[in-house]
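Trainee: Dropping a structure here in structure tokens format, bear with me for questions.
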Amino acid sequence: MFFKLFTIFFFFIILLSKPLNSSSQSLNFTYNSFHRPPTNISIQGIATVTSNGILKLTDKTVISTGHAFYTEPIRFKDSPNDTVSSFSTTFVIGIYSGIPTISGHGMAFFIAPNPVLSSAMASQYLGLFSSTNNGNDTNHILAVEFDTIMNPEFDDTNDNHVGININSLTSVKSSLVGYWDEINQFNNLTLISRKRMQVWVDYDDRTNQIDVTMAPFGEVKPRKALVSVVRDLSSVFLQDMYLGFSAATGYVLSEHFVFGWSFMVKGKTAPPLTLSKVPKFPRVGPTSLQRFYKNRMPLFSLLLIPVLFVVSLIFLVRFIVRRRRKFAEEFEDWETEFGKNRLRFKDLYYATKGFKDKDLLGSGGFGRVYRGVMPTTKKEIAVKRVSNESRQGLKEFVAEIVSIGRMSHRNLVPLLGYCRRRDELLLVYDYMPNGSLDKYLYDCPEVTLDWKQRFNVIIGVASGLFYLHEEWEQVVIHRDIKASNVLLDAEYNGRLGDFGLARLCDHGSDPQTTRVVGTWGYLAPDHVRTGRATTATDVFAFGVLLLEVACGRRPIEIEIESDESVLLVDSVFGFWIEGNILDATDPNLGSVYDQREVETVLKLGLLCSHSDPQVRPTMRQVLQYLRGDATLPDLSPLDFRGSGKMLGMNHRFSESCTFSSGSSIAYSIVSGGR
């Protein structure tokens, strides 16, 4: 019985004396080289083992990492809460850089809790950490970095340093690469010198001091360490840890090597390496292509440079010729007198960024309008490109455009100048930021104008048209008054624009026009019959515009049910006959508006759109009616159908002046001629 108890007690004592960790351990190991396949060495990433026994952590792959681990865990603590035991390691390293003075980041020796660094990044992170875990205490990593790039974000001192790092790429302490000799003199070393260097890393569990020492390969270990720091590693190390090397590349081609390695825990120093067995630095030289560039490129360059010069000259000449053709303009002697009003096509091309569709403001039967910014003055402009297939009357047309450009009125869009190129004419206007009036009237507009704004636009256009007819030095017949040619400035003031069809004549005379031009729905019947444009034909178009603004409808609309054209003038006239003319008002106005002003505008619109030009008021009279300086004749629908005297004579119409709204618009014609 006593013997059995003694046996059990003895077996229990043996169990207690065994390590708690059942994993295999290695208290020391030595690799004088790494012959394939190396025992207990795991390589990851782009790391390889060369045929001559060198651990090659990286190749010439950019932005990559390479790792090498000792596969067995090393027990650094007797228990999880115990202190870290003393350990010592020595290894031989070397770095090759494709450019002798610049490297693609460095390498490191590390002790980590796991045999893989899955989240580690390349470049400045050295394959140790990432942008998300750098500096975290949960990393539990001790590293000795051999860095060849200065990264200010990690407080690096230079681009050739050794540092002791704990859980971070910011070194606890670092030093310029070198060693102290026997006479205590510091000697510099260069990591990318393509030479082997031996490193010793020692930790003393009594003093908690970490020493890193370096020397050229073949030299004895210096007595004085290169970098020393006192740090208790108990909170950094777990009970079992893994050893290894890491390296990373950037955009500069570089390779990192480990030639030999020994390690010991719970001992004074690591086993010494047998230096004669440590592999030599690999012969890394230029490739055949690099040798070609070095030896043959000078001769090749002598032959290539003249060829490149000739080819470049040909392309340059072609570029200049094409550029000149691209910006070529037509210029005749008679245009000399208009020189200051003529703008360069090149400036307009760059102002509109090549007349791209994204800067297209609108298009119509007479051209397309683009927004632009003049390169030098930064002035915003609108450029209208008008087809000019016929050269007949071109000189007179340009002369009129230049004359119109001299006009100045707050309700006219300033015409800044013109440009003539090939078969087109370009007219340049001030840019109006709020666009044309039509987009605020039709098709459920996103932004609607209240009556006060609309009435202000009407007054503005009437003022501008009165200036054209009576106040300027010559009479200007606009010939294309419509909602899309009324532009709104930043304060929503109405400005009459687009003088591409305008004609000039002296006061007291009529312009000699023989062609009908204008836009459907705005042409007066007398203009269609005779081809003559007068101030009265402008008044007719203005009358249609008045009805558009008040009703929010187009001059001509198609009925969905009957597929027939419905004339706005006929529709408003029908409401007037029924005695409820205000029912023609735009529903978007709501119920808050000046009914007297709206009724005046509607009746004045019908009066201006009368089929007899003699009955239509002048723009002077129109302004007086709108401003309240004169009273609109007391009109009724019967006055437009019955007998009476002419407007201005007892405010009646003659029997011969019948209101024929259908004929006034139904035969409107669009023509590109003059």
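Residue numbers in this text run from 1 along the chain shown.
Yeah, the Cβs are placed from backbone N, Cα and C, and that goes for glycine too.
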Trainee: Out of Asn21, Asn388, report back the residue that Swiss-Prot marks as N-linked glycosylation site.
Mentor: Asn21
Trainee: Ranked by the number of other Cβ atoms within 10 Å of their own Cβ, which of the recorded positions Leu361, Asp480 ranks first?
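Mentor: Selected residue: Asp480.
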Trainee: Using C-alpha atoms only, work out the spacing between Ser363 (ATP binding site) and Asp480 (active site, proton acceptor) and round it to an integer in Å.
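Mentor: Answer for this pair: 14 Å between alpha carbons.
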Trainee: Enter the number of other CB atoms within 10 angstroms of the CB of Gly367 (ATP binding site).
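Mentor: I get 21 for this one.
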Trainee: What kind of secondary structure is Asp480 (active site, proton acceptor) part of, going by DSSP in three states?
Mentor: coil
Trainee: Under a criterion of Cβ-Cβ distance under 8 Å and sequence separation of at least 6, what residues of the same chain contact Val369 (ATP binding site)?
Mentor: Leu360, Leu361, Gly362, Ser363, Ala382, Val383, Lys384, Arg385
